[in-house]
Amino acid sequence: MSSTVSHQRDKRSFDYAIRSGIAGGLAGCIAKTVVAPLDRVKILFQASNPDFQKYAGTWTGAYRAGLAIYRDGGARGLLQGHSATLLRIFPYAAIKFMAYDQWRALVIPNRDKETNFRRFTAGALAGMTSVIFTYPLELVRVRMAFHSRLSSSSDQTRPSFLRAMRVIYNEGSTSSPATRTTAAQIFERFPVLKFYRGFTVTMVGMIPYAGTAFLTWDFLRAHFFPVIDDHSKRPHPLANLAIGAVSGAISQTVSYPFEVVRRRMQVGGLTRPDRWLRWGETVRAVYASGGWRGFYVGLGIGYLKIIPMTAISFAVWQGGKSLLGV
């Protein structure tokens, strides 16, 4: 394989977009599978599952929480919700990476316009594009991961993907018409909206997360592998892993408080099925339960998850694009 790669390809072509999307989708699936157990524990911490709050706040707590999950449900318990993750992550990652290539070509049409702000903008737009198309699958995944048999004495069944969808769809339907809030009446009329709990905070949080991740990725690659005469040295896979890891660490730190608020709103249908939780009350609830540290609960395990996940996803995406000829 040549050590240099030309930058004269037509990145706006349909063929390029499809190939980049396939590489991105596979990269996302591989990366998510590697960190699936950590993701399960992190969701339980972020959403304040009562069975696991005693483990939150320490590095050893994540390990002890993982052992508790394993004792309760074995390996399947650690992977609970992963089926929904894979159903979501392939289109999510495919759209995100494909959209990034397309948005970047539009926002940065030539090297003269290659600024950090434009890099950030292209990444943020790519992340928001992927969320718009895949958010309901994300909500189902979070609900499946949040469920724990310890707190569900009336129902010992591990939730399947379809069962989780039915539960979300029917939330609040048993309340009497006289006691329903305005939000409950809207949910009753448009039940599909139940699959968009936490959508606004997700979209807002995606701006710093995806924007910072792609900005860092693009900046470091340009710094260490600059384009000279429309050619650049192809980075070694280990270099892509390292750059992806740094990108993941920085983006996670910047956007983490949004993620905590988002998780609380996503599981809100379990605690308040008749209401649409608002930003303000969710932020106040997080602060009341843990002060400013409450917005960073699970950040340690978040690093353990996001750094390898981002590293693997970026590296496999680049490797996949190379194999597919783009």
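For all residues, glycine too, the Cβ spot is worked out from N, Cα and C.
Remember, TrEMBL labels are computer predictions, not curated facts.
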- Message: Please identify the range among 49-69, 133-153, 238-258 that TrEMBL labels transmembrane segment.
- Response: 238-258
- In terms of Cβ proximity under 8 Å, which residues at least six beyond the ends of the transmembrane segment (195-217) contact it? 96, 100, 116, 119-124, 126-128, 131-132, 135-136, 138-140, 168-169, 243-244, 246-248, 250-252, 254-255, 258-259, 261-266, 268-269, 276-277, 279, 282, 310, 314
